[in-house]
Amino acid sequence: MKKNQFLKESDVTAESVFFMKRRQVLKALGISAAALSLPHAAHADLLSWFKGNDRPPAPAGKPLEFSKPAAWQNNLPLTPADKVSGYNNFYEFGLDKADPAANAGSLKTDPWTLKISGEVAKPLTLDHDDLTRRFPLEERIYRMRCVEAWSMVVPWIGFPLHKLLALAEPTSNAKYVAFETIYAPEQMPGQQDRFIGGGLKYPYVEGLRLDEAMHPLTLMTVGVYGKALPPQNGAPVRLIVPWKYGFKGIKSIVSIKLTSERPPTTWNLAAPDEYGFYANVNPHVDHPRWSQATERFIGSGGILDVQRQPTLLFNGYADQVASLYRGLDLRENF
């Protein structure tokens, strides 16, 4: 695998900063403006994060043992870990970016069960300890591009999904991989209350083609910044597919099912004209309500430091993944 030379020092992002462009979709689902919070409050919250970290630190995760393969390392300075764990998209805990850090402490991540089933010869069940001990862990510094036109760089820790799927031995009928988040409304307020959770249908579900899932870049992620994932980042295990928009990165996974048919996905169900199944980062295919040609690389400085730069096809991973889509119309299959 080639080293990711496209990363520059300016690419390293202040993980704290997100933009809330999907609020209009949530309104279309019947969520009132009041329930989505007042604009002034949202703006004040965003600006408070640009000014600096004045929030309580996220609970410290357990330190992990992992390697640092040269292909996924660089000399870039990373932004403080408390910001990536303090400003998140995880609607099961609320719509505002600070809600997951405030509310996700209710999620019990140990014990945990992850089942691999469907079109496999050997169904598997992993427990909490298996997630960090069954496979060698490695740190990978990946770019992440949100569909909302911001981007960041994160040192995720995990293992390639293909190693897990190989143990289950996919059958010849397996064409897709379906993922499902835990359904625990007593722990996740957004699953109880549609005003908190944006009116989405829960549990959150996602999917990949089998060849996408088996690609070496696709990572089952159990840690970040050297430690186990905190709940607000998708503990104890989440998916990272770095050439796709961030909503493909399903969190707190309890089920992986191999299927012969394309599985449903949450945002595609909510707004099929806006969020496709593939969700490949593509500067030539705009969102219906904003351009995807450029993105905000948001650093650790103040709000005036935020600048736009061109979005890279497949988020800069075209050399590795473009062959997966040879002959596919990327405008039709967005």
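The backbone N, Cα and C atoms fix where each Cβ goes, and this holds for glycine too.
As the structure is a computational prediction, the values presented were derived from the model and not from experiment.
Going by what Swiss-Prot states, the Mo-molybdopterin site holds ASN88, TYR91, GLU92, CYS146, ASN233, ARG238, GLY249, ILE250, LYS251, and the candidate of THR113, THR171, THR181 recorded there is THR181. Comment: Mo-molybdopterin site residues ASN88, TYR91, GLU92, CYS146, THR181, ASN233, ARG238, GLY249, ILE250, LYS251; largest CA to CA distance 19 Å, whole number.
Under a cutoff of 8 A between CB atoms, and with a sequence separation of 6+ in the same chain, the neighbours of ILE250 (Mo-molybdopterin binding site) are PHE179, GLU180, THR181, TYR204, VAL205, GLU206, GLY234, ARG238, LEU239.
Annotation: ASN88 carries the greatest number of neighbouring Cβ atoms among the binding-site residues ASN88, THR181 [cut-off 10 Å, Cβ to Cβ].
DSSP classifies ARG238 (Mo-molybdopterin binding site) as strand under the three-state reduction.
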